[in-house]
Amino acid sequence: MAERTHACGKVTVEAVGQTVQLKGWVQKRRDLGGLIFIDLRDRTGIVQVVFNPETSKEALEVAETIRSEYVLHVEGTVVERGEGAINDNMATGRIEVQASKVNVLNAAKTTPIIIADDTDASEDVRLKYRYLDLRRPAMFNTFKMRHDVTKTIRNFLDTEEFLEVETPILTKSTPEGARDYLVPSRVHDGEFYALPQSPQLFKQLLMVGGFERYYQVARCFRDEDLRADRQPEFTQIDIEASFLTQDEILEMMERMMTKVMKDAKGVEVSAPFPRMKYADAMARFGSDKPDTRFEMELKDLSEFAVGCGFKVFTSAVENGGQVKAINAKGAASKYSRKDIDALTEFAKVYGAKGLAWLKVEEDGLKGPIAKFFGEEEANVLMSTLEADAGDLLLFVADKKSVVADSLGALRLRLGKELELIDESKFNFLWVTDWPLLEYDEDADRYFAAHHPFTMPFREDVELLETAPEKARAQAYDLVLNGYELGGGSLRIYERDVQEKMFKALGFSQEEAQEQFGFLLEAFEYGTPPHGGIALGLDRLVMLLAGRTNLRDTIAFPKTASASCLLTEAPSPVAEAQLEELSLKLSLKEEK
């Protein structure tokens, strides 16, 4: 078999007159009575092949048996297309190949999905036949971008003298974070490894080991409830460095991301990226990952509410809550009462008891709550919300977390419905100065806002023992277009500070020693100050490739129920395997 001389999508007018050897899949076959045209596809694109009896009767006879997705080896001569046959929508649209020989390398059954970007197959069918779905050009282009992003990051970190180091996949289960995936040990009866949720502890230990600059394209595993932008196994760009300040880490990541955007996406973004404190992000956008491509910020009306005539507003503030509103500019005529009822139900999903609203008309405020406000109060509302005739004002009165969650989500929904978002923009943002701890009322304890190894501000270390809720973290998240790309922090590197952190999280001294004794001991041998960041590769590629589903950026992803439709994993295992692991199943009864 002759070697391939050209990729299908790379045959251009420069090759006219040449004999070429092509190999690929049949995208489409057209029989025009005496002539057969085949679109031959490989990962670079499509070229038109013509089977003409005047060129080769034998090749034409074979072509008559060919169907879509057959794998072919074609030999032929490149010729220019006639004027009326030129297709400027194809890179190869000015030429075609006159086939002299064709060899069917493999036949194909009729495929269960259409191999085209506009396939009508459901996602379940696409996942079951993922190897066919991956043939679609849009899928290949997504994974080409993933490769380009990873390559650019590796090259950048190499120039910055980072070492790529692999850390263990079989490790120890720790109590913080999401549920672990557990792996039973055959050698140690009744004991389990855990698959890593991140390489956090190992990368810190590499800093203890004097490596100074580490990175890894790391596989991570979390047994958590899934959604469109979550998978049980995912990939993160894991980075750690010694002796760098927070500003130095952020500046380096900005240089890396501007290079990724330019090299992998062809888009110039400017640095430094804007920075916003966590408290400001929550106050202005109701989100710790604000989408700054459009405005519509939350406005605090709590002071106004104290003296207003609407008791719902007044009582919310008196009970320690707040009143906030958003102004959907020019949207009054676009939302009927029924539409606003739908927005109300949407807000309730996020804990709001209801959604108050007003429409601004030329002669004043209209709506169910307009009667509660006199002329002076109406003017204050209009001024605070920068309202004009035609605007729709939406209010939530509740505890602070509910106000932020509901109005933040409502803001995003309205941004999409009103087409306020410029989809061509890439808005990066650093969210800094996070709270170190978050209190969970159900569990009646504090949890780490990021993880238990995050360094507090130096002046806040003592607050861990006196007022943990006031302690701030030297932590930072990188946000792109309303998605958290990744998070990082400076790390605790002194044993006494780490022990205070564990105590604030409710660990007894014995529990801390049992779970993290190896780390605490490491901190006694001259641990350098260090910090880092982990960026979600799957999510970054999703945003750059313009996909809406994380599964489209992972070659063989899981469904929302964490199953693989292709291999049918997870699956039962043989009784003998369980016995070898000293395991016995106790299945939950179906309700």
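Using N, Cα and C of the backbone, Cβ positions are placed for all residues, glycine too.
If you look up Swiss-Prot, you'll see E176, R222, H450, R491 marked as L-aspartate binding site, on the strength of sequence analysis. Per Swiss-Prot, ATP binding site is recorded for R222, D223, E224, Q231, E484, G536, L537, D538, R539. Swiss-Prot lists 200-203 with the feature region 'Aspartate'. Sequence annotations record features per position, and here Swiss-Prot assigns site 'Important for tRNA non-discrimination' to G84.
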Task: Between E484 (ATP binding site) and G84 (site 'Important for tRNA non-discrimination'), the C-alpha gap once rounded to whole angstrom - done: 50
TODO: Sorry to bug you, but what's the C-alpha spacing from G84 (site 'Important for tRNA non-discrimination') to H450 (L-aspartate binding site), rounded to the closest Å?
DONE: 62
Open item on the list: What whole-number value in Å do you get for the largest C-alpha pair distance within R222, D223, E224, Q231, E484, G536, L537, D538, R539, the residues recorded as binding ATP?
Closed with: 19
Open item on the list: With every protein chain in view, what's the tally of Cβ atoms within 10 Å of the Cβ of R491 (L-aspartate binding site), excluding that atom itself?
Closed with: 22
Open item on the list: I want to verify one value. Collapsing DSSP to three states, which class is R222 (L-aspartate binding site)?
Closed with: coil
Open item on the list: Can you tell me the CA-to-CA distance separating G84 (site 'Important for tRNA non-discrimination') and L537 (ATP binding site), as a whole number of Å?
Closed with: 45
TODO: Using all protein chains shown, find which of the binding-site residues E224, E484 scores highest when you count other CB atoms within 10 A of its CB.
DONE: E484
Open item on the list: I'm trying to understand the geometry here, so how far is the Cα atom of R539 (ATP binding site) from the Cα atom of R222 (L-aspartate binding site), in Å to the nearest whole number?
Closed with: 16
TODO: Give the distance between the Cα atoms of R491 (L-aspartate binding site) and E224 (ATP binding site), rounded to the nearest whole Å.
DONE: 25
Open item on the list: Under a three-state reading of DSSP, tell me whether H450 (L-aspartate binding site) is helix, strand or coil.
Closed with: coil
